[in-house]
Amino acid sequence: MLEVKNLCKHFGGIKAVDGATFTVEKGAITALIGPNGAGKTTAFNCISRTAAPTSGEVWLDGERIDHLRPHKITAKGLSRTFQISRNLGDMTVIENVIVQSRVDGLRGLFRPAMSREEKDKAMSILDFLGITRIAHEDGHNLSYGQKKLMDLAALLMSDPKIILLDEPAGGVNPSLMEEIVGHIRALNDKGLTVLIVEHNMDLIMRLSHKVVVMAHGKVICAGTPDVVRKDPHVLDAYLGGVLEDEAA
Amino acid sequence: MTVTLQDSSASAVIEARRTYNEKLSRKTDQTRATWFPLALLALLAALPLLQFVGNYNYVLHLVLFTASYVAMASSWNILGGFAGYVSLGHAVFFGVGGYFSGMLLARYGISTLITAPLAGLVAAAIGYGVGLVTLKVRGPSFIISSIALLMIARILFDNWHFIGGANGLTLPTNDLTVQWAKLPYYYAMLAIAAFTVWSAYKIKHSKFGLGLRALSKDEIKAESAGIDTRFYKVVAFALSAFFVGMAGAVWGEYLTYLRPNIFLLILVSANMVLMCILGGKGTIAGPVIGAILIVALNELFVATMGASEINILGTGLVMAIGLMFFPLGLVGTLARSGKLPRILNWD
C-alpha cells in the first residue's frame, strides 16, 4: 500500500535518512523502530511531506506522492500524528477534531465550520476513544494523555486509509497505553493500515505484524516481530555492537 | 469491589450515555447576543434624524469616522486575528480603495458610493498578489514585509503624477446643503461597517475560519490536517484588504481630497492593529469595541489636552494600562474568564 523507495533526507552533512526502502502492506500494522537518531521520525516527516525528502520516492496505492504538499497527501488518505502532540490550543477538542474533516472546493470553504453530521461523527469518534466528556474543553486544558487521544480522534476524522502514528504511547502511563493499544488494534481490525514509530518494544512486539528496523538512516532488517527479535544486526544496533565486517 | 449490571440496566446506561453524547454534540453557545449589534445599527441608522432639530454634524462625523475604523479593524482582524498574521501595511489598501474610486469620481464623475465594491475588489486583488509573496514568512519578518509594502506604496503614490503625486487631488463635492451633505457617506460607511462585521462573523464560523484559526496556532499541524495553508492565508489577506479598500473609497469622497499623507500613513495601519488588540484579536466584537474606545479616547484627550503631543500620550497610557489588565483585549480576556457581558458576545 505504502512504498518507500531509497528515501534520503540530508541536513547539511548529516544523513538523517540515507536510502531507506520499505513497504507497508495493506491492512497490516507495521512498526518502524530503531535507536534514537535512526531517522524514524525524519522518515515519517518525508512520507507525510512535513519535510521535503532530499531524494527517493514514496508511493501510496500506486501513486507517487513525494512531490505533493502535505494537505494533498492527507486528502489522499494518509494522515499522521506528531511525536510531541501538536494540538491547537485555543480550540476545543471537538473543533480540533472537526478541523481535520475534508473540505471540498471553494463553496465548501465557506459553509458552516461544524455541520450536524460532522459533530455527530466527531462525537462518535470521541465516544469510540472514550473521551466524549472533554469534547468542549479547550485544547490547552488537556492532560498529555488526553492530547494523545485527541490527536488520534482528529486523525480518524479525515477518513484515512493509512495512519502514521509517531510514538502514540510515548510518555503515557501503562493503563492508558493499554487503552491506546486496544484502540489501534480495533482500528486495524476495521481494515485501517497502520505505520507506527514506537520505542516501547513490548508494545511493538505484541501489536505489529511487521517490524522495520532502522539504524543510521538505513533499514537494517524487516520482518515479523519474531524474525526481527533474533536478528543479529538489530541486536547490534540496539546494543551498540560492532558488526564483523565493519570491524574487519 | 465489583459492579455487576443486569442486562436491562446496562442498556439503560448505554442509552443514557448516548443521550448525554447527543446533548454534548448539540451544545451551542446560547448566550450570543445577535440582537445587540442589530439594535445598535438601527439606532445609528436613525441618528441623522437629529439633524431636524439642530446641527449634529460633529456627532455624525464621529460615528462615520468610527464606522470606518470598525470596518477597517474588523477587516484587519480576518488576517491578523483569525490567521495570526500581523500586518502594518493595511493602510495601503485604504489608499488603493480611496484613490481607485477617487480617480473614477474625478475623471468620470461616478460616485464612490457606487464604485466602492469595485475599489474593494482592486484592493483584494493587490492583497492577493502581495500575499502570494509576503505570506511565505511569518512573525517579525512578515510584519517588516508589510511595513515595506507601505513604504513602497507611499513612494509610488508620492511620485505618480497621474494621480496627483504628493500634492494629491481634489474631488468634487456633492450639492447637498451642509445639513445633509454627510448623510450619503454616513449611511454608506455604516453599511460597510455592518457588512464587514457580518462577514467577519460568517468567516469565523465557516470551514475557512476554522482553518485560519488552526493555522494561526500551528501551520505544520494545520497543513497535515489537510488544510491548504498557503491558499487559506492568501485568501484571508485578499478578504481583509477588500473591506479596507471599500472603506477607503467612501472615505476619499467624504474628505473631498486624496493625498498620500492622509491615506498611506503607518498610523492608519497602527490604529487598526491597536483597535483589534485593545478590543480583542480574533473576536467579532473586539475590533468594534476597540475602534469605539480608541476614537472616543482620542477625542477626549484632544478636547481636554489639545491637539498637542500630550493627547497621544494619554491614549497610549490608557492602552498600556488596559492591556496590563486585559492581555487578550477587553472582549478576549473577559470571554476567557467567563465574565463577558452577554451583549458583547457576538461570536
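Just so it is clear, glycine is given a Cβ too, placed from its N, Cα and C backbone atoms.
Curation does not apply to TrEMBL; its annotations are automatic.
Per TrEMBL, the feature transmembrane segment maps to B:33-52 (among others).
The transmembrane segment annotation in TrEMBL covers B:58-79 (among others). If you look at the transmembrane segment (B:58-79), the same-chain residues 6 or more away from its ends with a CB under 8 A from one of its CBs are 44, 47-48, 50-51, 85, 87, 90, 94, 182-183, 185-186, 189-190, 192-193, 195-197, 200, 203, 212, 236-237, 239-244, 246-247, 250-251, 254, 268, 271-273, 275-276, 279, 281-282, 284, 286-288, 290-292, 294-295, 299.
What TrEMBL lists as transmembrane segment is B:91-110 (among others). Within the chain carrying the transmembrane segment (B:91-110), a Cβ under 8 angstroms from the stretch's Cβ atoms is held by residues 72, 116, 118-120, 122-123, 126-127, 149-150, 153, 157, 163, 169, 171-172, 241-242, 244-253, 258, 260, 263-269, all 6 or more beyond its ends.
The annotation transmembrane segment is assigned in TrEMBL to B:116-135 (among others).
What TrEMBL lists as transmembrane segment is B:142-163 (among others). Counting only same-chain residues 6+ beyond the ends of the transmembrane segment (B:142-163), those with a CB under 8 A from a CB of the stretch are 85-92, 95-96, 99, 103, 130, 133-135, 169, 258, 260, 263-264, 266, 269.
The transmembrane segment annotation in TrEMBL covers B:183-201 (among others).
What TrEMBL records for B:231-251 (among others) is transmembrane segment. Within its own chain, the transmembrane segment (B:231-251) has Cβ neighbours under 8 Å at 68, 71-72, 74-80, 82-83, 85, 87, 90, 93-102, 112-113, 115-117, 119-128, 130-132, 135, 185, 188-189, 192-193, 195-196, 199, 203, 208, 211-212, 215, 263, 272, counting only residues six or more beyond its boundaries.
Same-chain residues lying 6+ beyond the ends of the transmembrane segment (B:257-277) with a Cβ under 8 Å from its Cβ atoms: 69, 72-73, 75-77, 80-81, 86-92, 94-95, 98-99, 102, 146-147, 150, 153-154, 157-158, 163-164, 166-171, 244, 248, 286-287, 290-291, 293-294, 319, 323, 329. Residues annotated as transmembrane segment in TrEMBL: B:257-277 (among others).
Residues annotated as transmembrane segment in TrEMBL: B:284-306 (among others).
For the transmembrane segment (B:312-335), the residues of the chain that approach it from at least six positions outside its boundaries are 274, 276-283, 285-286, 289-290, 293-294, 297-298, 300-301, 304-305, 341, 344-345, 347, judged by C-beta separation under 8 angstroms. Feature annotation from TrEMBL assigns transmembrane segment to B:312-335 (among others).
Outside the transmembrane segment (B:116-135), and at least 6 residues removed from its termini, the chain residues within Cβ reach (under 8 Å) are 85, 89, 92-93, 96-98, 100-101, 142, 145-146, 149, 188, 192, 230, 233-246, 248-250.
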